[in-house]
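The feature NADP(+) binding site is assigned by TrEMBL to L10, G11, L12, G13, V14, V15, G16, T17. The NADPH binding site annotation in TrEMBL covers K107. As annotated by TrEMBL, L-homoserine binding site applies to E192. The active site, proton donor feature in TrEMBL is assigned to K207. Annotation comment: TrEMBL describes 352-426 as domain 'ACT'.
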Amino acid sequence: MEKTVKVGLLGLGVVGTGVLEILADHQEKIEKSIGGPLVVTKALVRPEEDKQALADKYHLELVTELEAILNDPEISIIVEVMGRIEPAKTFIKQALIAGKNVVTANKDLLAQHGSELVDLAREQQRNLYYEASVAGGIPILRTIANSLAADDITEVLGIVNGTTNYMLTKMVQEHRSYEETLKEAQALGFAESDPTNDVDGIDAAYKMVILSKFAFGMTITMDQVKIKGIRGLAAEDVSIADQLGYTVKLIGSTIKQDDTISVEVGPILVPHKHPLASIHNEMNAVFVKSSGIGESMYYGPGAGARPTATSIVADLMTIVNKMKKNTVGHRFTGYTQPTKITPPSENISKYFLSLEMPDEAGQFLKLAEIMTETQVGFEQVVQEKGDGENARVVLITHETSETKMLTIQQEIKDKTSYKILSLMKVMGE
Ligand SMILES: NC(=O)c1ccc[n+]([C@@H]2O[C@H](COP(=O)([O-])OP(=O)(O)OC[C@H]3O[C@@H](n4cnc5c(N)ncnc54)[C@H](OP(=O)(O)O)[C@@H]3O)[C@@H](O)[C@H]2O)c1
């Protein structure tokens, strides 16, 4: 039996506790795979936290100062599961400088400061792994970095936020409002009391920044991602989309055109027969289009203590294997390319446009004029029966550029009294 590999844990919340559980429950298989025991010996907690029962159960020491872990020469790997940017960023940097390898599930941190941390790990000849930061239990980063290494990926589309997917599933299947489904998601613990990061698409955007690096080797900043959430999405529009053959999903996309990519998060109309339309409730999926394999989809739980911890422990085991072979220090993904963003004039899609306009003759003509002037055709129109005052008109355009859709929005604002209720991209078949 080889020497025990000792791990320090930063944060003993949902995922931290999951890591202890997975290490204990799957101990025998883990030991057989890596040739020896892998144990958490110390966990950093806040002074006021009472985690003694957990510490006793898993035979570990609770500490309240990072130094107690950094200065322990027996600890070779640190798992950061505290969340947020600071002090997590400083702690990870200190850990790498102290010669520790690091595993983290922190998507916010990786999306915003990933390059700096990855470069530091490389300089220090240490490993930094973060499989759990994207889609929790789905092994998508390793799959793209290893199994798809030889493939030419053209698109990565993801349902990577479980909270919003749960809400949209209920809106589509049970015809419930945005507000009702948000309350239910909060009551079930899927959505936090401040749901901003989920409903405004920010959480999904963090994950698309990380996926863009793995799929296309490009380092994207958050301000290069076009982000739109589902806040206030009308149940009526979700239902009309359904009648037209589409399911509304919050999709994170990173799409390559020549040597540029376009990275977006937003509610999108997904054709009913597309595999992503069948991802329900809080589940996640990542759909990849590539020239070698064609289409592939990776499905599973995007969060939760045990799924997330399973990805973290797999990262730990990868590092142990590298330590044994003396190959520690390589990046999680080595693929790097210059970052180039697709200009809006070349970002092409069909669009779903829902408008409220006065319920009177001649109103639709104004819209038709604007569309003709901008040279954007439409393939489907639905006019809902108005209430005598206002009527809802929904149309699906032919393929057009983002630039032209921006012009149409501006013209509608300048030349009509219509209210734009929603504007969403429509995914091709
Ligand atoms: N939950 C999931 O399903 C999931 C899935 C994928 C990725 N992640 C990521 O995993 C990380 C952890 O998530 P979680 O759900 O486990 O969060 P959590 O339940 O809030 O756990 C974090 C723990 O770390 C503690 N902590 C924070 N700052 C600390 C500090 N300076 N010193 C000591 N302890 C500190 C927190 O204490 P306080 O509560 O007192 O702040 C809390 O006990 C996050 O980066 C999250 O984005 C989570």
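Placed from the backbone N, Cα and C atoms, the Cβ positions cover glycine too.
Feature map: TrEMBL annotations on the structure.
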{"residue": "L10", "record": "NADP(+) binding site", "CB count, 10 Å": "24"}
{"residue": "G11", "record": "NADP(+) binding site", "CB count, 10 Å": "25"}
{"residue": "L12", "record": "NADP(+) binding site", "CB count, 10 Å": "24"}
{"residue": "G13", "record": "NADP(+) binding site", "CB count, 10 Å": "14"}
{"residue": "V14", "record": "NADP(+) binding site", "CB count, 10 Å": "16"}
{"residue": "V15", "record": "NADP(+) binding site", "CB count, 10 Å": "26"}
{"residue": "G16", "record": "NADP(+) binding site", "CB count, 10 Å": "26"}
{"residue": "T17", "record": "NADP(+) binding site", "CB count, 10 Å": "21"}
{"residue": "K107", "record": "NADPH binding site", "CB count, 10 Å": "25"}
{"residue": "E192", "record": "L-homoserine binding site", "CB count, 10 Å": "12"}
If you draw a 10 Å sphere on the Cβ of the residue listed as 'active site, proton donor', how many other Cβ atoms land inside?
26
Where ligand 1 binds, which of the recorded positions G11, G13, V14, T17, E192, K207 are close by, with Cβ under 6 Å?
G11, G13, V14
Over the domain 'ACT' (352-426), what is the model's average pLDDT?
94
How many whole Å apart are the CA atoms of G13 (NADP(+) binding site) and E192 (L-homoserine binding site)?
15
Tell me whether T17 (NADP(+) binding site) sits in a helix, a strand or coil according to DSSP.
helix
Environment of L10, G11, L12, G13, V14, V15, G16, T17, the listed NADP(+) site - residues of the same chain whose CB lies within 8 A of the CB centroid:
L9, G18, V19, V81, M82
Proximal residue to G11 (NADP(+) binding site) among recorded positions K107, E192, K207 (C-alpha distance):
K107
I'm trying to understand the geometry here, so how far is the Cα atom of G16 (NADP(+) binding site) from the Cα atom of the residue listed as 'active site, proton donor', in Å to the nearest whole number?
20
What subset of the recorded positions L10, L12, V15, T17, E192, K207 lies within 10 angstroms of the residue listed as 'NADPH binding site' at the C-alpha level?
K207
